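According to TrEMBL:
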{"type": "ACT_SITE", "residues": "H155", "note": "active site, proton donor/acceptor"}
{"type": "ACT_SITE", "residues": "K159", "note": "active site, proton donor"}
{"type": "BINDING", "residues": "G10, P11, R12, G13, R14, M15, G99, T100, T101, A125, P126, N127, F128", "note": "NAD(+) binding site"}
{"type": "BINDING", "residues": "K38", "note": "NADP(+) binding site"}
{"type": "BINDING", "residues": "H156, G165, T166", "note": "(S)-2,3,4,5-tetrahydrodipicolinate binding site"}
{"type": "DOMAIN", "residues": "4-128", "note": "domain 'Dihydrodipicolinate reductase N-terminal'"}
{"type": "DOMAIN", "residues": "131-264", "note": "domain 'Dihydrodipicolinate reductase C-terminal'"}
Amino acid sequence: MGTIKVIIAGPRGRMGKEAVKMVQATEHFQLVAVLDRKYDGQLLSEIEGFQGVDVPVYIDIDQCFSEKQADVLIDLTTPETGYVHTKKALENNIRPVVGTTGFTDEQLKELTALAEEKEIGCIIAPNFAIGAILMMKFSEMAAKYFQDVEIIELHHDQKLDAPSGTALKTTQMMSQVREAKKQGHPEEKETISGARGANIDGMHVHSVRLPGLIAHQQVIFGADGQTLTIRHDSYNRASFMSGVKVCVETVMNVKTLIYGMEHIID
Ligand code: NAP
């Protein structure tokens, strides 16, 4: 495998810092630049915590793409910025690997069409942790047999989007095999709004936000006399990096947009 040239957007963020470490530690990856909203024109190595990482920092994405040749953009920013970055990367024939969550269905559709038109790979993965992908796959298997299911997703209190991208993706996967059902008592009423969480195709999703947490999800199925709980916990952000690495390698060999790592791992 030849060297893959990478740009990282959001390098000072919690995920971005780990991604910089991962790219630096991977022999066939080469970090060529970073996109930030501060420190324009400086070297990343001038910023605390990045000693020895001598790559330029850009604020302007167009300038970055015109001055630096890259194969892949890893985006770990915010929903608004991540969407703009992904679109610009595709327009410039740079393959996006996007961990940023919170894109709308409309945005996903538009990016899918753009990737198809440009015949260029793009991977948007709401969760890079292999264990979380398995949790979603196991939930999809179980949803065929259990119509009644609720999700409790738990994240750190700095997370911007709710419910999490992983919870949304899990409901989408379960919807494909689960017979539609409005859960709970037919005359159920919330005495306080929000008490039953978000309702997605009749499945309820509860979002917990607390300091101390990283990324956790519990999928609880119920039937007569039994429950089944499938749970995954990420205890640090390094847990996501083996997935980011697989996505960077895979995106080089695909020509469409792939939404979710479950389409990549067997
Ligand atoms: P974070 O710590 O807040 O980092 C986000 C970074 O993006 C910050 O450094 C921020 O800069 C930077 N940023 C914001 N606007 C920007 C812009 N216009 N240009 C360049 N950089 C910009 O967040 P995080 O915890 O690392 O999470 C990042 C994203 O990944 C979120 O969407 C989160 O939901 C998602 N996530 C995905 C996974 C997965 O497995 N797919 C796992 C965890 C998190 P400032 O510091 O100046 O604000």
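From the backbone N, Cα and C atoms, a Cβ is placed for every residue, glycine too.
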Check: For the binding-site residues listed here (G10, G99, P126, G165), which one has the lowest count of neighbouring CB atoms within 10 Å of its own CB?
Finding: G165
Next item on the list: Please give the average pLDDT for the domain 'Dihydrodipicolinate reductase N-terminal' (4-128) in this predicted model.
Entry: 97
Checklist line | K38 (NADP(+) binding site) in three-state DSSP notation | finding: coil
Next item on the list: Select the closest residue to G165 ((S)-2,3,4,5-tetrahydrodipicolinate binding site) from the following recorded positions, measuring between CA atoms: G99, T101, H155.
Entry: T101
Checklist line | T166 ((S)-2,3,4,5-tetrahydrodipicolinate binding site): nearby binding-site residues from R12, T101, P126, Cα cut-off 10 Å | finding: T101, P126
Margin query: Please report the Cα separation of F128 (NAD(+) binding site) and H155 (active site, proton donor/acceptor) in Å, rounded to an integer.
Written below: 15
Margin query: I'd like the per-state residue tally for the domain 'Dihydrodipicolinate reductase N-terminal' (4-128) from DSSP, helix first, then strand, then coil.
Written below: 49 helix, 28 strand, 48 coil
Notebook entry, point to check: Under 6 Å from ligand 1 by Cβ, which recorded positions from G10, F128, H155, H156, T166?
Noted result: G10, F128
Checklist line | Shell list ((S)-2,3,4,5-tetrahydrodipicolinate; ref centroid = CB of H156, G165, T166; cutoff 8 A) | finding: T101, P126, N127, E153, H155, K159, D161, S164, A167, A215, Q217
Next item on the list: Between the Cα atoms of G99 (NAD(+) binding site) and K38 (NADP(+) binding site), find the distance and write it as a whole number of Å.
Entry: 21
Check: Which residue counts does DSSP give the domain 'Dihydrodipicolinate reductase C-terminal' (131-264) for helix, strand and coil?
Finding: 42 helix, 39 strand, 53 coil
